[in-house]
Amino acid sequence: RLANGSTTCSGRVELLHGGTWGTLCDYLWDVPTANSLCQHLDCGVALLIPDGQSFGKGNGSVWNGTFSCEKKGSHLGNCPVSVLDHDKCPAGKDARVVCSGSRLVNGTTCSGRVEIRHGHIWGRLCRSHWNLQAANILCNQLNCGYAKSIQTGDLFVDGNGPVWRDAFHCEGTESCLWDCPQVTLGNPSCSAREAATVICSGNPGAAESLRLSGGESRCDGRVEISLYGVWSRVLDDDWDIKDAHVVCRELQCGFAEKAYYLPRSERGLGLVGLRSVQCAGNETQLMLCKTSHSQTVPTGVAEDVGVICSGELLCKKYRIRIRLVNGTKRCAGRVELYHNGIWGTICDDNWDLLDANVACKQLGCGHAIEAFASAHYGEGSGQIWLDDVNCTGSESDLWTCSSRAWGQHNCQHKEDAGVLCS
């Protein structure tokens with residue numbers, strides 16, 4: 001449960017253990033785990049992990065375990081649990097979270113009126129400045145697939161509350177709505193019945209909504225997509241490695257080794273789900289790319305597409321963890337990565353704000369204020385995992401940035417990198 005919050009979806013995290021409610025230790029408490037708790041409580045997604053003494057102190061009983069929820073959409077009860085040493089969980093170090101609450105109102109779990117919270121007040125968005133790209137990001141963020149429609153007529157619009165003057169300009173590659181550039185409009189003429197709405201596809205799960213068939217493993221073959229419960233073909237006359245990378249990423253199959261067209265004898269016979277797919281290459285799902293939905297095959301486009309991925313053993317995302325060590329607050333410290341069962345550091349060669357920004361964003365710590373070199377937060381020990389890290393800033397994980405291979409470096413721990421996040 002969440003205790004002592006201003007809403008049912010915010011507060012101090014407490015667990016019933018051995019017949020007694022106790023607080024959860026905040027050691028390794030992070031945004032992915034908080035997300036799982038928010039979803040577990042039907043409270044949307046995690047907006048914030050507050051610092052300090054927000055939501056007061058518990059009753060003194062501290063549960064010295066930690067959840068490791070690394071995969072998006074994990075149910076808290078299915079996350080691995082580790083028992084912590086008592087010295088890592090002193091009194092007052094309680095886990096806390098502010099969840100979004102329900103963000104789609106007056107419809108189903110994955111459809112309804114779009115509402116945003118400013119302070120403690122929920123308000124709607126203006127329909128005239130709401131578009132399909134922003135809706136796609138929101139559906140994905142809420143674990144609701146992709147946006148099927150924002151043209152819902154008068155559905156979902158009844159209700160009270162203010163109309164905010166916010167407009168989101170999403171590119172389609174963002175992981176949540178807050179990552180999109182946001183503009184406050186001057187004075188939109190927007191009535192309560194002109195509120196932004198969306199119907200999301202629902203959440204069949206990545207492994208069910210996209211698949212590769214006819215290959216030697218689940219990570220190669222003809223690309224098929226499930227739309228409206230029916231497996232359908234993907235056709236394209238300009239299929240390339242960027243499109244294939246997105247497919248491999250969504251299926252957790254590593255990276256794309258080959259994008260190809262199928263010979264006529266191996267083409268599918270069913271409905272056409274997608275055609276003319278144009279990906280930038282860094283999208284998290286194929287449905288977030290520019291696409292054309294059509295059940296008919298246009299003249300000149302009859303190419304079923306295929307992908308060969310490197311394989312799931314090379315998809316390291318869910319086996320790697322990140323933390324900040326030796327700082328005065330949760331969002332400052334020496335950057336350490338957990339890889340192959342070992343915590344290690346990052347060399348400060350080429351370490352800059354772009355790299356630090358990715359680390360801060362990944363940790364749910366806002367943006368980077370400063371990137372530190374020369375073991376500013378003290379020298380680590382053991383393995384130095386990464387060297388010459390060179391992020392563009394758009395990556396979702398630090399280890400997907402360009403760098404030397406894991407464990408290859410020319411550094412000492414006096415060069416350990418650190419970061420101060422906002």
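Even glycines carry a Cβ here, placed using N, Cα and C.
No curator has checked TrEMBL annotations; they are predicted automatically.
For 1-100 (among others), the entry in TrEMBL reads domain 'SRCR'.
Residues or ranges marked as disulfide bond by TrEMBL: Cys25-Cys89 (among others). Here the Cβ of Cys89 (disulfide bond) has 20 other Cβ atoms within 10 Å, regardless of which shown protein chain they belong to.
Annotation comment: TrEMBL describes Cys38-Cys99 (among others) as disulfide bond.
According to TrEMBL, the feature disulfide bond maps to Cys69-Cys79 (among others). Note on Cys69 (disulfide bond): other Cβ atoms within 10 Å of its Cβ, all shown chains, come to 22.
The annotation domain 'SRCR' is assigned in TrEMBL to 102-201 (among others). The average pLDDT computed over the domain 'SRCR' (102-201) stands at 78.
Sequence-distant contacts of Cys190 (disulfide bond), defined as residues of its own chain at least six apart whose C-beta falls under 8 angstroms from its C-beta, comprise Cys126, Arg127, Ser128, Val163. Sequence annotations record features per position, and here TrEMBL assigns disulfide bond to Cys126-Cys190 (among others).
Residues or ranges marked as disulfide bond by TrEMBL: Cys139-Cys200 (among others). Take the CB of Cys139 (disulfide bond) and look out to 10 A: across all protein chains shown you find 26 other CB atoms.
Per TrEMBL, disulfide bond is recorded for Cys170-Cys180 (among others).
The domain 'SRCR' annotation in TrEMBL covers 210-310 (among others).
Per TrEMBL, the feature disulfide bond maps to Cys248-Cys309 (among others).
The feature disulfide bond is assigned by TrEMBL to Cys279-Cys289 (among others). Annotation for Cys279 (disulfide bond): same-chain Cβ neighbours under 8 Å, separated by at least 6 residues, are Lys242, Asp243, His245, Val246, Leu286, Cys289, Lys290.
Among the features that TrEMBL reports, domain 'SRCR' is placed at 322-422 (among others).
The Cβ neighbour count for Cys347 (disulfide bond), using a 10 Å radius and every protein chain shown, is 23. Per TrEMBL, the feature disulfide bond maps to Cys347-Cys411 (among others).
The disulfide bond annotation in TrEMBL covers Cys360-Cys421 (among others). Listed in sequence order, Cys331, Gly366, His367, Ala368, Val419, Cys421, Ser422 are the same-chain residues six or more apart from Cys360 (disulfide bond) with CB atoms under 8 A from its CB.
In the shown protein chains, 22 other C-beta atoms lie within 10 A of the C-beta of Cys391 (disulfide bond). What TrEMBL records for Cys391-Cys401 (among others) is disulfide bond.
Among the disulfide-bonded residues listed here, namely Cys69, Cys89, Cys99, Cys69 has its C-alpha nearest to that of Cys248 (disulfide bond). Annotation for Cys99 (disulfide bond): spatial neighbours Leu2, Cys9, Ser10, Ala34, Leu37, Cys38, Leu41, Cys43, Gly44, Val45, Ala46, Leu47, criterion Cβ-Cβ under 8 Å with sequence separation of six or more. Neighbour counts were taken at the CB atom with a 10 A radius for the disulfide-bonded residues Cys248, Cys289; the maximum falls on Cys248. In terms of C-alpha distance, the listed disulfide-bonded residues Cys79, Cys89, Cys139, Cys401 place Cys139 closest to Cys180 (disulfide bond). The most crowded of the disulfide-bonded residues listed here (Cys126, Cys170, Cys180, Cys200) is Cys200, judged by how many other CB atoms sit within 10 Å of its own CB.
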